[in-house]
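> Sharing a structure below in structure tokens format, with a few things to ask.
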Amino acid sequence: MLATAVLGAPTPIPSPTIEYGQLAPMLLVFGAAIVGVLVEAFTPKYLRKSIQMPITVLSLIGAFALTVWEGFQGVRNAAAMGAVAVDGPSLFIWGAILLLAVVSVLLINDDDQFVAQAAAVPGSAEEDQAISQGGAHTEIYPLVLFAVGGMMLFPASNDLLIMFVALEVMSLPLYLLCGLARRRRLLSQEAAMKYFLLGAFSSAFFLYGTALLYGFAGTVDLGGIEKALGTVGGQDSLLYMGAGMLGVGLLFKIGAAPFQAWKPDVYQGAPTPITALMASGTLIAAFGALLRVFWVALGNLDAQWTPVLWAVAILTMVVGAILAITQTDIKRMLAYSSIAHTGFLLTAVVATGKEAQNAGALAGILFYLVAYGFATVGAFAVVTMIRDAGGEAGHLSRWAGLGKRSPVLAGIFALFLLAFAGIPLTSGFFGKYAVFAAAVAGGAVQLVIVGVVTSAMAAFFYVRVIVLMFFSDPAPEGPTIAVPSMGTAAVVTVSAAATVVLGVFPQPVLDLAHTAAQSLFVR
Amino acid sequence: MEPAEIVQHSGGVIGVSWLTIVLPLLGAAILLLGGRRSDRWGHFLGVAMSLASFVVAALVFFELLGLGADQRRRLVQLYEFLPAGTVDVKLGLLLDPLSISFALLITGVGSLIHIYSIGYMAHDPDRRRFFAYLNLFVAAMLLLVLSDNYLGLYIGWEGVGLASYLLIGFWQHKPSAAAAAKKAFVVNRVGDMGLALGIFVIFTTFGTLSFGPIFSHASQASQGTLTLIGLALLVGACGKSAQLPLQSWLLDAMEGPTPVSALIHAATMVTAGVYLVVRSGAIFEGAPTAQLVVTIVGVATLLAGAIIGTAKDDIKKALAGSTMSQIGYMMLAAGLGPVGYAFAIAHLIAHGFFKASMFLGAGSVMHAMNDEVDMRKYGGLASVMKITWITFGLGYLAIIGFPLLSGYWTKDGIIETAMEHNAILGWLAVAGAGITGFYMSRVFFMTFHGERRWDKDAHPHESPAVMTWPLIILSIGSVFGGAFLIAGNRFMEFLAPAVGRPEEMPSFQPFSLTGLVTLALVAVGVVYAWLKYGRSAVPAVAPRGSFLTVFARRDLYGDALNEALFMRPGQWLTRLAVFFDNRGVDGLVNGLAALIGGTSGRLRRVQTGFVRSYALSIFFGAALLVGAWFVVGNL
């Protein structure tokens, strides 16, 4: 009574409205992840894998179906009080990530990719015991689901704090997963440690940038920051510092130079199925978030960030292409190739600075991401099949003459390499064509020239592997070619088919990307 | 009148007309990939695929006939490569009277040649491979004529080049065959370059490669552009059709097995150039200069071929000369506009029959004479090879234009049209007909009549039925084909929707002055040949002959000319280029590669593996980025 008199009637806190229907794909993935954790807690060890695997795959497929359904509904809304943008690009990216996640999970499901008992010291008696008992960490399934959920939220977040949370939800499980390789465990643990430290470092940049932007605009809402750009004056230092640091955090995640150093080490050390997931899913998610921040929140600031991203794009392409040339490990080479591709993608981001409403560039980027995603998952899947006594035969010299011993596998790998190089009638050609055409349309002709020159350099190291596989004599005690499990075989087949189909009949997916990009980002 | 509109088509046999191309292609693939396993039944598969393709083509033909005349241009869209933006690359098939006429000729005569080859190649260990190449040849040629755009045409064009290379050099253990194949390929490359350039100009001018839009907009392009395109296409046509100055490969191409010669000369390959010119009629009609050049090339080749034919003792080479000459007639007609088109194609079809019949007849003779090709060692074969004699004879009468046989109708049409167009062209064509009468009679008499000049171990005999039946069918075509096509302007009416209707339909005049003069000249040629080669003895070794004879025997010094003009300067050029490549280009390239490799090796050391240095690089990178932002922001 007294309190009421003193404080007045309590102002009711409005309960937030949340459009559960529109967020359903994400909620399903997160829900399945939580169920997975419960399964770990309450079911006997021998049952877990046979429960986890269906939960994971079914939830991902279900989420994909929900995404498709939303796509048909034409949902375009800033859901959950404006915090999560469910629009064309989000839905397209969700669909792509979910498909690639399903494919990656089939790889992850393969036995003997993951450590038997992570807590056992490498090389110890405990480890031997765990291996002999057939130990396996089924926690990887819920971890992957959490990571995928984070990947979905990251590009869809419509305010910077949600985006930060999504970034962490996506990254933390990946840090863990990177350290779980069954072989070369020290390398794997080192990779995880590096990824974690550097990731945390870059997250700090991201968060500090968010704080400074909040200081500038008084809001963390992307649309709000866009509005503030026109009205707030005299706070340019805050704005530039904030935007720059935010950019550092995002560029780190896509692996643009000079923030690319983690990529080769982590891609090499991580279990290959996880590398496949990161190289496809994380890249797509991070590009989505980058586009949303630069095109929505900072869209009117393009005169400032265009030159900066120009330099980053050029540096990224050059560093990726040049360093890939002297790599001797197949996974490191693919990591540098991924850096080069990041640079190619950035050309389209930069070119649309002038005219942020350019749906064509967005569609090109989306198509490129899907094409690259499938080729890269397929390539890493092939990598898992070429084995030595100590695990995967990573060193390129071990791949010599593979074409004579296993022509089909080498042929498929050559297909992926040609797609990376952007040869016509593979998916890579249209991806590259789309982003470079967008860049030219946006007036970044010089950037495209650099892109084409670095593409030529990149073609060298892709074709070198093909030459190595088909025109060199096999090593006397060459690697064994593992008989692929059903899952791996399916992954290779699906990826190869996608690479060819997107190269020969790109139109349906191009149309889809155009439709998705048509309405651009919801504010 | 303009050609009819092209209509999108779906369903029916026309909807699956791609089967005509796919079936022989599939045959080639199976036979090539199947390896020795398919040796036993390979030739039957090859024949079956070719026949099936013919059946599909025939069904399409009848379905087209069922449509109204102005509805007979059907487009079957197969594949769009890149529909976005200004780049428009589609693959489709255009089924119209022109393309279906070619398709029927290719598959029909082609199938007969396939059947004949079963017998002719019976003792060859590589018969399966031979049939695979034949199938490939047919498929490529069909793609060439059925495509609705220049890209598909070009793919078929190159496919034909490849298949001819493989077939001419089929007996590659013979150095002469390998060299002939290489020569055909290289000479054709020159022509292909012309075609490619023409296609490039077309694409930059019209922004598309599809026939429909190009031809409907052709009148809007400048005459200069159209002339350029026309001349470039003509270079391509000269290469494939062995017209001057790219004729030199054709005579050497006789190194291939005889059925191949028949296929190249009668049904495929050399007809491609005529097809290209007729198909691109809308372009040539806008470029009178290019048309004039076409007619000049045609007349020059028809005379050159005929002259070469008079001096050859090798039966196949004499026939090859006659092919050059007859294709020259077609080119001449193709350069005369819509009136000429129908005659060109009609002559092409008639020629397909009588030339196939004669080539296969020559093959039958060679088969009987232990693969002897020198006509000076033939003679008097009429009595031992009755069927070959009659069928070859009918083909011979058709080609010289014996009244009422095929050649009479079609060739006379060309001569009359040329005469109306330009008297000089007309009289030269008449002269060519006279020479034809002489050299074809020479071939006929030297082979089948006169005394027997056989080698001692020759035991000529009639060929097996699998070889004679195709001859009989072909000779029926060479007798009645011309009358069927030309009488009552039947073919002209049929072709009109595709190539346009001439303003005035020609009426066939059996007793025009030109016709009578032509007949008289032909008769003189025949009689002279009879006196020289039929009645009197033929020396076993060719006499030295006059200057003119040597001139003709050496293919008009075409090879010597090529050698002096192109080969030697070309060799010098390549040596120069190699020199520059080794010293200049390679130095640059290797230097560049070393530079990049060195940079890569040095940059690699930055990747130390220490997380602290990575973090430091991120820190400096961030400082640079934010700093740059400030700089740009305050500009």
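Cβ atoms are placed via backbone N, Cα and C, with glycine included.
Residues or ranges marked as transmembrane segment in TrEMBL: B:12-33, B:45-69, B:98-118, B:130-147, B:153-172, B:193-215, B:221-239, B:290-311, B:387-409, B:424-445, B:466-488, B:508-531 (among others). Taken from TrEMBL, the feature domain 'NADH-Ubiquinone oxidoreductase (complex I) chain 5 N-terminal' covers B:82-131. The domain 'NADH:quinone oxidoreductase/Mrp antiporter transmembrane' annotation in TrEMBL covers B:147-436.
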> Return the average pLDDT for the domain 'NADH-Ubiquinone oxidoreductase (complex I) chain 5 N-terminal' (B:82-131) as a whole number.
81
> Counting Cβ pairs closer than 8 Å, which of B:45-69, B:153-172, B:193-215, B:221-239, B:424-445 has the most of them with the transmembrane segment (B:290-311)?
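Of the candidates B:45-69, B:153-172, B:193-215, B:221-239, B:424-445, B:424-445 scores highest.
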> Give the one range among B:130-147, B:387-409, B:424-445 whose Cβ atoms make the most pairs under 8 Å with those of the transmembrane segment (B:153-172).
B:130-147
> With pairs restricted to those 6 or more apart in sequence, evaluate whether the transmembrane segment (B:387-409) and the transmembrane segment (B:12-33) have 3+ C-beta pairs under 8 Å.
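Judged by the Cβ rule, the two regions do not touch, with the required three close pairs absent.
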> Just to be sure I understand, if DSSP states are collapsed into helix, strand and coil, how many residues of the domain 'NADH-Ubiquinone oxidoreductase (complex I) chain 5 N-terminal' (B:82-131) fall in each?
29 helix, 6 strand, 15 coil
